[in-house]
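Undergrad: Here you go, one structure.
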């Protein structure tokens with residue numbers, strides 16, 4: 001599959017139309033490792049056979065050179081790269097930027113030819129040093145958030161010079177060319193301010209359109225995170241806030257459909273309703289909903305946290321006009337995607353000949369299979385099946401996708417039993433890890449009063465001094 005990314009023109013288009021060239025791009029966030037308990041996620045949790053491309057988010061920048069951000073990025077890079085040993089067709093990319101990164105470092109870097117050359121040279125060295133197959137630009141956004149208007153053109157220049165440098169380096173070394181992709185805006189004003197679409201499309205291998213965050217608690221009323229279509233009562237600029245409009249805007253303004261990758265969110269936005277009895281789309285809200293126990297961000301729940309909300313008695317509803325679900329309980333309300341909406345969107349993707357799907361993020365899907373009772377990675381597996389990627393030959397038999405465990409890692413690991421084992425142990429106990437009296441390799445994981453029995457990896461025991469798995 002991955003070799004198809006090097007094809008251009010008619011051959012690529014024909015393959016895409018035959019359904020054999022769809023890409024399934026999955027982002028991994030390097031801060032997911034810090035989530036507590038069952039939410040902690042590292043590259044070892046990734047099923048290497050799940051996605052065609054994995055993107056490590058994020059790298060940083062200093063003095064116009066690419067840099068690491070987290071203290072253990074280099075170690076995580078190695079684990080990320082090891083996934084290719086299980087799937088020889090897998091491509092791994094490194095994303096630079098992100099929302100929290102801001103725009104100032106990009107603006108300073110693109111401002112002069114010398115700075116751009118410094119950056120690109122550092123990128124080539126960095127990607128090869130750590131085994132990446134390409135770079136993903138995540139500048140949010142050119143021409144916006146303090147980025148001057150000239151950055152719209154300079155972003156095109158940067159991408160062009162990056163692509164040309166990658167091509168030249170490939171010729172000189174006789175190695176495969178490094179890929180260059182970008183995560184781009186779905187909001188019309190940001191698109192118009194930031195991207196020269198026809199020119200940019202010439203140089204990018206793929207364009208990852210962030211078709212999510214269309215609505216959230218910042219608006220003062222309920223709305224879906226990633227609706228496929230507009231809501232019947234939408235007027236004015238709200239009619240643009242949907243997947244259909246955003247993707248067609250990119251396509252109609254010069255981006256080839258086969259290069260356009262539709263964004264799929266493995267999360268939702270939650271709200272506090274002003275009136276519990278007024279709980280539909282567009283209902284007045286008083287702010288962001290409570291933070292989830294794992295992602296710990298107000299107004300934001302991972303898919304697995306939403307499943308816990310549903311299990312806790314929330315009412316799930318389906319919005320036929322936008323082909324997405326929402327759920328509510330009391331004054332809490334969340335708009336999100338599930339396996340049904342992913343399947344419908346994937347069908348729409350194929351009918352419109354787009355290049356594939358991008359998921360933010362792999363660590364937000366129910367990767368343990370604990371919360372949703374739909375197996376592991378239910379959302380991404382839905383896309384994999386819908387895009388016809390199930391038959392890809394890949395051996396992940398020895399790959400762990402359970403919660404992390406290593407000496408000093410508080411999240412624990414190993415095979416998790418159902419919550420019925422040790423039922424009642426966590427009643428009245430604070431969230432945390434506790435020893436199992438008759439088994440040094442096992443421990444109880446208490447999460448919101450629910451009891452989970454887990455095991456450390458072979459050779460490790462539960463250490464009460466650090467409440468972690470440690471060497472015996």
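Just so you know, glycine gets a Cβ as well, placed from its N, Cα and C.
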Undergrad: If Swiss-Prot gives 70, 71, 97, 98, 99, 100, 210, 211, 212, 213, 360 as binding chitin, which of 130, 141, 326, 328 does it give for that site as well?
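TA: Swiss-Prot lists 70, 71, 97, 98, 99, 100, 210, 211, 212, 213, 360 binding chitin, and from 130, 141, 326, 328 it also lists 141.
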Undergrad: Out of 297-321, 372-396, 397-421, let me know the one Swiss-Prot marks region 'Disordered'.
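TA: Per Swiss-Prot, the stretch marked region 'Disordered' is 397-421.
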Undergrad: Return only the integer: C-alpha distance in Å from residue 372 (disulfide bond) to residue 211 (chitin binding site).
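TA: Counting only the Cα atoms, the answer is 24 Å.
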Undergrad: Show which residues of the chain containing residue 99 (chitin binding site), separated from it by at least 6 in sequence, have their CB under 8 Å from its CB.
TA: 140
Undergrad: The record names 70, 71, 97, 98, 99, 100, 141, 210, 211, 212, 213, 360 as the residues that bind chitin; what is their largest Cα to Cα distance in Å?
TA: 31
Undergrad: Under a criterion of Cβ-Cβ distance under 8 Å and sequence separation of at least 6, what residues of the same chain contact residue 394 (disulfide bond)?
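TA: In sequence order, the residues whose Cβ lies under 8 Å from that of residue 394 (disulfide bond) (at least 6 apart) are 48, 49, 86, 87, 89.
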Undergrad: Let me know the most crowded of the disulfide-bonded residues, choosing from 26, 49, 307 and counting other Cβ atoms within 10 Å.
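TA: Counting Cβ neighbours within 10 Å, the top one is 26.
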Undergrad: Cα of residue 213 (chitin binding site) to Cα of residue 26 (disulfide bond): how many Å, rounded?
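TA: Roughly 17 Å, rounded to the nearest whole number.
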Undergrad: Of the binding-site residues 70, 97, 141, 211, which one sits closest to residue 51 (disulfide bond) when you measure Cα to Cα?
TA: 211
Undergrad: Let me know how many other Cβ atoms fall within 10 Å of the Cβ of residue 213 (chitin binding site).
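TA: Other Cβ atoms within 10 Å of residue 213 (chitin binding site): 20.
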